[in-house]
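The NADP(+) binding site annotation in Swiss-Prot covers GLY158, GLU159, SER160, ILE183, ILE222.
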Amino acid sequence: MIILDGKKLSQKDTIFLKEKVNQFKIKPVFTIVQVGNLFSSNKYIKTKMDKALEIGVVSRLIKIPESISEKDLISIIEEESKISHGLIVQLPLPLQFDQSKILNSVPITKDIDGLSEKNSKNLYSGKSCIQPATARGIIDLIKEYNFTIKDKKVYVIGESNLVGKPIKELFKQAGAIVKSFNINTGIKGSEEADILIVAAGHPNLVKPENVKNNSIVIDVGINSIGENDKMIVTGDVDFSNVKTKVKAISPVPGGVGPMTVISLFKNLIEIFEKYLLDDN
């Protein structure tokens with residue numbers, strides 16, 4: 001059984017990106033817009049800021065109080081985009097905001113998360129687009145271990161617009177036979193997948209009976225269980241019991257998470273290189 005080590009691969013990619021950035025006369029500018037002060041968001045933001053520092057890009061954090069109006073928030077995003085090469089809005093947003101509307105205020109040329117509707121439209125129509133970071137990270141992780149995607153049954157548990165659907169689309173474009181499951185209607189049939197990707201947001205949802213022998217399981221879930229100093233992070237897969245049945249599995253933490261972060265910076269560098277070409 002192989003552990004799909006996203007942390008190890010992301011470090012290899014970090015070295016590659018750092019070497020690229022060192023060759024630039026000016027440095028890419030990466031901006032995070034955060035509304036509120038959610039504890040879990042602060043943790044994820046620190047990870048991204050640390051990675052930016054490691055790679056050598058300029059990082060900026062714009063913290064905004066929850067009391068801001070939607071109109072003013074959009075204005076800030078539009079202004080910050082003008083002085084950034086890549087910008088993300090840290091999710092989740094407070095409930096009073098229209099998440100789609102806020103994400104769509106990020107210009108498509110700066111949308112390194114790949115979550116705006118304009119970028120999604122290009123993705124689903126097969127046009128040139130920024131690959132959504134999580135989906136890109138998963139494909140890169142599977143390819144690193146030389147597993148075949150073409151003609152394989154790739155099933156996705158979870159149908160969210162931000163994660164599940166983009167994952168399904170990218171694997172479809174890579175030549176896989178794709179299928180998705182909505183957890184509200186059950187996951188019966190998931191045990192037929194050659195590659196099972198779980199992005200449901202439900203801890204330990206997938207048990208050994210839900211996976212095929214010698215299959216590949218990718219756990220996208222990040223669930224915090226417990227309180228304060230006793231809090232642990234677990235995925236959507238019952239890792240300790242499923243790992244004995246499969247060919248390869250990604251752990252939580254240390255699997256998809258680091259790959260999502262490094263994919264943001266891959267997208268940033270690609271956007272920045274286009275900017276340099278257009279500027280010449």
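All residue numbers here begin at 1 and follow the chain in the order shown.
In case you wondered, yes, glycine gets a Cβ from its N, Cα and C as well.
Because the structure is a prediction, the values reported are computed rather than measured.
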Check: How many neighbouring Cβ atoms, not counting its own, are there within 10 Å of the Cβ of ILE222 (NADP(+) binding site)?
Finding: 20
Check: Which site among GLY158, ILE183 has the most other CB atoms no more than 10 Å from its CB, taking these as binding-site residues?
Finding: GLY158
Check: Near SER160 (NADP(+) binding site), which residues of its own chain have a C-beta under 8 A away, given they sit six or more steps off in sequence?
Finding: ALA199
Checklist line | C-beta crowding around GLU159 (NADP(+) binding site), within 10 angstroms | finding: 17
Margin query: Assuming the binding residues for NADP(+) are exactly those in the record, GLY158, GLU159, SER160, ILE183, ILE222, what is the maximum CA-CA distance in angstrom, rounded?
Written below: 16
